[in-house]
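Pulled the feature table from TrEMBL, pasting it below:
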- 5-141: domain 'Sodium/calcium exchanger membrane region' (DOMAIN)
- 180-317: domain 'Sodium/calcium exchanger membrane region' (DOMAIN)
- 6-26: transmembrane segment (TRANSMEM)
- 33-49: transmembrane segment (TRANSMEM)
- 69-91: transmembrane segment (TRANSMEM)
- 103-121: transmembrane segment (TRANSMEM)
- 127-146: transmembrane segment (TRANSMEM)
- 180-204: transmembrane segment (TRANSMEM)
- 210-233: transmembrane segment (TRANSMEM)
- 245-266: transmembrane segment (TRANSMEM)
- 272-291: transmembrane segment (TRANSMEM)
- 303-320: transmembrane segment (TRANSMEM)
Amino acid sequence: MLKDILYMIIGLLLLTGGADVMVAGASRLARRLGVSALVIGLTIVSFGTSAPEMAVSLSASLGGQPDIAIGNVVGSNISNIGLALGIAAMVRPLVVQARLVRFEVPLLFAITCLTYLVALTGVLPRWFGGAFLLGLFVYIGLHYYWSRKEKKEIQAEFSEEVLSEKIQGSGDLPRNLGKIVFGLACLAGGGHLLVDGAVGIARWAGLSELLIGLTVVAVGTSLPEMVTSIVAVMRNHGDIAIGNVLGSNLFNTLGVLGASAAAQPILVQKELLVRDFPVMILLTLLLFPFLKSGFVLRRWEGALLVLVYVSYGVILFINQA
């Protein structure tokens, strides 16, 4: 018990420090490469902060614990929107690029609904996992293409003097990459320690594996996204904050759930279908009117997202009792 509490404290310290270092490195890397912070948030940062989800779900799937594998993904996606994005918007309203509303949000909603439809059969088969992994590679390829196009457009606007300054400062590239790698390592290590400690305490309290996956493990593995988004907002990098959350949810569904199902077909409990999947779909659906209203996620909208998550958490523990 004391060991688990110590793990959680050390994990939280690593998460906080790692997020600060990574956001600083990511924002400078975006400027140095001539791409937007949004692209960095949607790819490098979001995939990196989702590493704990990948490790936990894949390990659980191979270890014969499908409830933790799928519960972690569904719970993480719910907490990413309800907590990470909600709290970040409460700290400071988030200005949203139109592209997110036109592409990322509809894509996330579509794959969330598709996952639910397949889950209604009672199992996520290997073909589903393979198809989603393929979809992830297509998504990465599209962002690679768009980032190169964006870089050329930005460079076309630079004068020779500005381009010269960029070239002279190219030595910062290894340093910024190093900050991102170091920050991600701290996030991964901190998330692992915190989840280990939290799961130990939850099992000591007699919670079910599905509930542990949906709450303790899901929130624990979502802490990198949560802390990173809050730190990004406080550093005035709203693009990294919202890109991190949306990119993480896309990676969780396409990559983490896809890899877990490809490794071992995942049996889906009825509880997930009638309670947890609808909440995940609802929170994703709320992003449409919220983000379209002036392309700003306001404080009250963030508070409503948090309220939905808190209500969901109360229902979970009432059902457990």
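Positions of Cβ are set from backbone N, Cα and C atoms, glycine also.
Not measured: the values here are computed from a predicted model.
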Have the transmembrane segment (272-291) and the transmembrane segment (6-26) got at least three CB pairs under 8 Å, pairs 6 or more apart in sequence?
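Stretch pair does not touch.
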Which range wins on Cβ pairs under 8 Å with the transmembrane segment (69-91): 103-121, 127-146, 210-233, 245-266?
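Selected stretch: 210-233, with the most Cβ pairs under 8 Å.
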Quick one: find which recorded stretch in 6-26, 103-121, 127-146, 180-204, 303-320 has the most Cβ pairs under 8 Å with the transmembrane segment (210-233).
180-204
Any contact between the transmembrane segment (6-26) and the transmembrane segment (180-204), i.e. 3 or more CB pairs below 8 Å with pairs at least 6 residues apart?
yes
In the same chain, who gets a Cβ under 8 Å from the transmembrane segment (103-121) while lying at least 6 residues past its ends?
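42, 77, 128, 132, 135, 139, 246-247, 249-250, 253-254, 257, 268, 272-273, 277, 280-281, 284-285, 287-288, 291.
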Under DSSP, the domain 'Sodium/calcium exchanger membrane region' (5-141) has how many residues in helix, strand and coil?
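So the counts come to 118 helix, 4 strand, 15 coil.
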